[in-house]
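**Q** Have a look at this one before I ask anything.
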There are 2 protein chains.
Amino acid sequence: MPVNLKPIDNAQLAPIAGVDLSYACAGIKKPGRKDVLVIRIDKGNTVAGVFTQNRFCAAPVQICKQNLDAGVQIRALVINTGNANAGTGESGRQNARAVCEALAKELDCLPEQILPFSTGVILEPLPVDKIVAALPTRQTATWADAAEAIMTTDIAPKATSRTLDIDGQQVNITGIAKGAGMIHPNMATMLGFIATDAAITRPVLNQLVKEVADLSFNSITIDGDTSTNDSFMLISTGQSGAPRIDSVTHPAYEQLKAALLDVSVELAQAIVRDGEGATKFITIQVEGGRSVAECKAVGYAIGRSPLVKTAFFASDPNLGRLLAAIGYAGIGDLDVDRLELYLDDVLVAKDGGRNPDYKEEDGQRVMKQDEITVRVVLGRGLANATVWSCDFSYEYVKINADYRS
Amino acid sequence: MPVNLKPIDNAQLAPIAGVDLSYACAGIKKPGRKDVLVIRIDKGNTVAGVFTQNRFCAAPVQICKQNLDAGVQIRALVINTGNANAGTGESGRQNARAVCEALAKELDCLPEQILPFSTGVILEPLPVDKIVAALPTRQTATWADAAEAIMTTDIAPKATSRTLDIDGQQVNITGIAKGAGMIHPNMATMLGFIATDAAITRPVLNQLVKEVADLSFNSITIDGDTSTNDSFMLISTGQSGAPRIDSVTHPAYEQLKAALLDVSVELAQAIVRDGEGATKFITIQVEGGRSVAECKAVGYAIGRSPLVKTAFFASDPNLGRLLAAIGYAGIGDLDVDRLELYLDDVLVAKDGGRNPDYKEEDGQRVMKQDEITVRVVLGRGLANATVWSCDFSYEYVKINADYRS
C-alpha cells in the first residue's frame, strides 16, 4: 500500500475557471475502467510542458512537442491509459493524430490545438478506434475522477490544490499525476498536469515548468527507468482576474512559483509513496557538493541502488551499501575522508569510515521507520539537492513480472 | 539455482607450478566455513591487477595498489570472506596491514610482499584477530577448495582451466572467481584470480589484465552496484618452461591472451549465471555503434533495468521495456528509425517501431528459454560490445533483504 499517502478528497480540490474535465471508458485494457481523460481549456490560455529525454519518446510526446512549438492556441489535452503508443513508429504518430482529429472535430478546433498523451504498455499499436468511439460518450469529470482516469499500476489517485492571493485576487492551482513504475528523471513521472487560473505569459510559463519540474518530478526515482512517455504540463487559464505575470521579475512570480512547486513536490512525492511495491518513503538530502548535478548524481546513485533499496525494505541497517553507492556515483575526486553520512539524526560514517560512536541499534531504530531521511554531507562545496525514492520489495518484482497479464 | 553452471571438477583444474594454496576456517561469519585463502607464489613471478573504481574502495584494495606500485616481488595473496573491510577508514588499513604482517612473518618475507583481499559486509571492522589466529591452522587446498573459500552469497564455486602450447611447451592457466551481488563494471566481479605458469613480464601482464578484464569481468552486470572491493589479479609464475613473453608483439601474446580471455569470460559468465536470484542468463550484443563505449552503455542500460529484468523473470515478451532502456542509454543523437532489436533470431523492432511481421508467440517462445540473446543493431557505426546479465526475481530481493541476518 502507498506509504503515508493521504486519500484525495474532491471537496479539497479547487476547480480551475476555464478548465473543464470529462472522462470515458474506452475499454482499452479492461472494460468499465476510466481510461480516457479530456482536459478542455477555454481560449486565452497558455500551456507549457517538459517531456521525457528518452530517445524512444512516444508518438504522442512527438505530437505534443510539434503542436506546442507551432504556437497555436491549445484547446484540449486528451490522455489515454492502457497503451503508451511508444515504439510504434510512423503508424503510432498517425494514430495519435487520429485521436486529435476526432476530438478537434467535436470541439470545433484544429487537430494541432489538441495535445495527446498516452501511458501504458510500450510497443503495441494504440487501439485508436476504441478511443475515437469513446470520445462522444464522455461524462463530466471532477478533478478526483481525472486523477483516477490517468492511473495505470498506481494504487491510489494523486491530486492536490493550493490557493494563493495575488493582488487581492484568489488564484487556484490544482494538479494531478500518475506514476508507479519506469520512474527516473528526465522526466520522472509518467504524467503530471497542473492547471491554474492565474494569468501567465507563455515565455514565463516555459521557464516555470522547467524550474518546477527540476525540483519535483525530476527529483524522484523508483526503479531507475526513464519512461518513453513522461510529460509534465502547466496550464494557465488566466481567468482568476489577477494581473498577468509577464516576466520572471514580476512581483508575484516567486509567490506563484512557490505554490506551483508545493503542488508539484506533493504530487512527485505521491508518485514515490505509491511506487510499485513501496513500503518506505526515503528522502535523500545531499549537501556540500560543488554543483547541484553532482549532488543529484549521489542522490540518484543511492535512490536507485537495488542493494540499498532491498536493505530499506528489510529494515536492515546494512549502511555500507550507502557508502558503496556514494562511491560509484561518478565524483572522480571525491575525498571520502571528508564525507559524513546520516540516517535521520544518526551520524553513521565520517573520516572515511564508521563513526566510532555509531551504534547498530540507533541505525536499526531509524531503518524500522516508514519515512527515512538519508543525509550525505560531501564537504566540498555549497550546492545541495534532494531526491525522493522508495524501497524495493517482493511486491515490485511481482507487479512487474505480472504487468501485462 | 545457477543458470546452466556446470559444477566444478577439481580433476579438471590444472595445478599451476609455482603456486600453492591453503585455506583456514577463521569463523568470521560462521564457524567451520572456509573463509580464509592464501595463494602463495614462488619467487620469480609477476603479478598484475585491476581494481574497483568505487571512491569508497576498501582498505585491502588501497594496500594492494600500494604494494603493487612499490614494485616488490609479491609472495602471497591472502583473501578473507565475511567482511569487506570497506568504509573502515584508517583502522581498516591498519587491520589489512596486520593480516599482511602476520602472514609475512610466517612466510619470511616483508608485509609489502603480501596482497590482501576482503569480501563481505561493508562498514564493519575486520575481525583481524580471528584471521591472524587462523593463519597458522591452514590446510593445503585444491583449486576447488580455493574457489569455495572465496564464496559469499555465491551458490556455487567458480573455477576453470585452460591448457595451451607455447613453443612446444605446455602452459596451464587456472582461475577462480566469486560474485553474486553488487556486480557492475569497474570492476564487475568482487574477486577474480587467474594464475598461469607462463612467463610474462610485468608491463605485458599489466596490459593483459586490463584488456582481458574489459572483455570479461567489466562486461557483466547483476544489479548495477559497483562494489568497493572488486579486484581481478593475474599471476604468472614462469615455471612452465615456455619462453618469457616480454612484449605485446611477442608471437605467443595473442595466443596467451585468447586463453586468458577464455578463462576470464567463463568465470565472468559464471558470476552472472550464479547472480543473486538469477533464473535466466542474458547475453546482450550491441552492434553498429560509433564506439565500444556507447555499445556498452546500451548493453548496460538493458542489463541493469529492473523492468527489463523482471520481464525476463516472468518470461513476458514486454519488449517495449527494451526499447525504453535503449532510449535512455545516453546516446543523445540516436536515430531510433535505424535501430533493429532482435530476441535471438526474432526481429522485434525496426523503423522506429514494432516489426510488422513480429508475432507475440515468437517473442514468447524465446522469453521462455533460460538462455536468451538480445541483439541491438544501432546502425550508426562499426563498434560492437557484449554484456552479460541475468533476470531479477523474488529471490534477489529475499537474498538482499536477508543478507546480514
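Glycine is treated like the rest: Cβ placed from N, Cα and C.
All TrEMBL annotations are machine predictions without curation.
Residues annotated as substrate binding site in TrEMBL: B:T152, B:K178, B:T189, B:E276, B:N400, B:S405. Per TrEMBL, active site, nucleophile is recorded for B:T189.
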**Q** Which binding-site residues among B:K178, B:E276, B:N400 have a Cβ sitting under 8 Å from any chain A Cβ?
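**A** Near chain A, the qualifying binding-site residues are B:N400.
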**Q** How would DSSP class B:T152 (substrate binding site) in three states?
**A** coil
**Q** DSSP secondary structure for B:K178 (substrate binding site), reduced to helix/strand/coil, please.
**A** strand
**Q** What number of additional C-beta atoms lies within 10 angstroms of the C-beta atom of B:E276 (substrate binding site)?
**A** 27
**Q** Using other CB atoms within 10 angstroms as the count, which residue among the binding-site residues B:T152, B:N400 scores least?
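**A** It is B:T152 that, of the binding-site residues B:T152, B:N400, has the fewest other Cβ atoms within 10 Å.
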**Q** Across all chains shown, how many C-beta atoms besides its own are within 10 angstroms of the C-beta of B:K178 (substrate binding site)?
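**A** Other Cβ atoms found within 10 Å: 26.
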